[in-house]
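Participant: So Swiss-Prot lists these for the protein:
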type: BINDING; residues: W11, R30, K109, A147, R262, V286, E288; note: NADPH binding site
type: BINDING; residues: K109, G143, S145, K198, D251, S261, R262, N263; note: sn-glycerol 3-phosphate binding site
type: ACT_SITE; residues: K198; note: active site, proton acceptor
Amino acid sequence: MKLTFLGAGAWGTALASHAAAANDVVLWGRDPAQLAAIAATRENAAYLPGVTLSERLAVQADFEQAVAHAADDADGIVVVATPVAGLREMTRRLAARGARPVSMLWLCKGFESGTHLLPHQMVRAELDAAGRTEGFAYGVLTGPSFAREVALGLPCALTVAGNEPSLAERAQAAFHHHAMRIYGSDDLTGVEVGGAVKNVLAIATGASDGLGLGLNARAALVTRGLAEMTRLGLALGGRVETFMGLAGVGDLILTATGDLSRNRKVGQQLAAGQSLEQILAGLGHVAEGVRCAQAVAELASAYGVEMPIARAVCAVLFDGLSAADAVAQLLQRDARDE
């Protein structure tokens, strides 16, 4: 199968390298020098230092040629590997092509800043505006996955959800090999809510661990955080079983407890007294939990959903509340049934 990856960051590169073992894969990025270095050294030194990439992975600096590689093939898939902030631009560029409709997957997790739209809602809006909804297959590949582990060939299980069953089937054919398993879903809303909210909750568990509050506290935050994720997901139209799966509790456990998690690191550094500006300056990579915390809190208010942990994270990030005071406030909440 022909696949094109748009975005040469950690996750796009890792998944492209995995896919190249069984498919005809092209990787595009905004920096031609970075792509040339990947081709010459078989390493993405900026995002996956020390990891050897597949010899079968090809790079292409020309956007149109890269897209045409997969988009002009009947079964091909264009994989958008940008953060949420770049998804509209990529969708717009794909929709503007005069050729046949594109099958596209994205890898990003979060809500759009300002609109609070989920990724599939952003994509649908762009396709509607371009008059290109007919024939476009689109969806998300998501779940508990650290890019470095995938690039190293370690076991991983993900969920693909799309607007057409045929896209999920092709994604399974493309990625379900070696150490990766792909499960299908038709709950686009549910899997995307899980992927967005878990990043915010991971900041909370990171802060708890940074304050030395122990494993009991971590387990409580993960469990009650899952309840918050599920409540918001149901309010937005997701299904409860989705949050019990890979895109819900699975991704939450990994991001909240794994030391490779950028969102968890943000919480740990907030607990150590660093400012958000200092943390983001030193991070070097995207921490989507910071970007979507406000959206989660505002959606909770708009839909009347109780999300005290997510609200506490938002207050620490943007309202000057200390991590220690946020924990104290959560502990002072009235007793209630689970």
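Every residue gets a Cβ built from N, Cα and C, even glycine.
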Participant: Out of R30, K109, K198, R262, which of these binding-site residues shows the lowest number of other CB atoms within 10 Å of its CB?
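Facilitator: Candidates: the binding-site residues R30, K109, K198, R262. Fewest Cβ atoms within 10 Å: R30.
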Participant: To the nearest Å, how far is the Cα of E288 (NADPH binding site) from the Cα of D251 (sn-glycerol 3-phosphate binding site)?
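Facilitator: Roughly 14 Å, rounded to the nearest whole number.
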Participant: Give the number of CB atoms, excluding that of A147 (NADPH binding site) itself, located within 10 Å of its CB.
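Facilitator: So the number of other Cβ atoms within 10 Å of A147 (NADPH binding site) is 23.
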Participant: Return the maximum Cα to Cα distance in Å (whole number) over the record's sn-glycerol 3-phosphate-binding residues: K109, G143, S145, K198, D251, S261, R262, N263.
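Facilitator: Max span of the sn-glycerol 3-phosphate binding residues, Cα based, is 16 Å.
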Participant: What is the separation, in Å, between the Cα atoms of A147 (NADPH binding site) and N263 (sn-glycerol 3-phosphate binding site)?
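Facilitator: If we compare the Cα positions of A147 (NADPH binding site) and N263 (sn-glycerol 3-phosphate binding site), the gap is 14 Å.
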Participant: If you count Cβ atoms within 10 Å of the Cβ of W11 (NADPH binding site), leaving out that atom itself, what do you get?
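Facilitator: Within a 10 Å radius of the Cβ of W11 (NADPH binding site) lie 27 other Cβ atoms.
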Participant: Given D251 (sn-glycerol 3-phosphate binding site) and K109 (NADPH binding site), what distance in Å do their CA atoms have, once rounded to a whole number?
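Facilitator: Distance between the two Cα atoms comes out at 11 Å.
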Participant: Could you state the whole-number distance in Å separating the C-alpha atoms of K109 (NADPH binding site) and K198 (sn-glycerol 3-phosphate binding site)?
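Facilitator: If we compare the Cα positions of K109 (NADPH binding site) and K198 (sn-glycerol 3-phosphate binding site), the gap is 9 Å.
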Participant: In terms of Cα spacing, which of the binding-site residues W11, R30, R262 are within 10 angstroms of S145 (sn-glycerol 3-phosphate binding site)?
Facilitator: W11
Participant: Out of D251, E288, which of these binding-site residues shows the lowest number of other CB atoms within 10 Å of its CB?
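Facilitator: Sparsest of the binding-site residues D251, E288 by Cβ contacts within 10 Å: E288.
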Participant: Residues with Cβ closer than 8 Å to the Cβ of S261 (sn-glycerol 3-phosphate binding site), same chain and 6+ apart in sequence?
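Facilitator: F146, A202, G206, L254, T255 - these are the non-local Cβ neighbours of S261 (sn-glycerol 3-phosphate binding site), listed in sequence order.
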Participant: Where does S145 (sn-glycerol 3-phosphate binding site) sit in DSSP terms: helix, strand, or coil?
Facilitator: coil
Participant: Quick one: pull the CA-CA distance for G143 (sn-glycerol 3-phosphate binding site) versus R30 (NADPH binding site), whole Å only.
Facilitator: 26
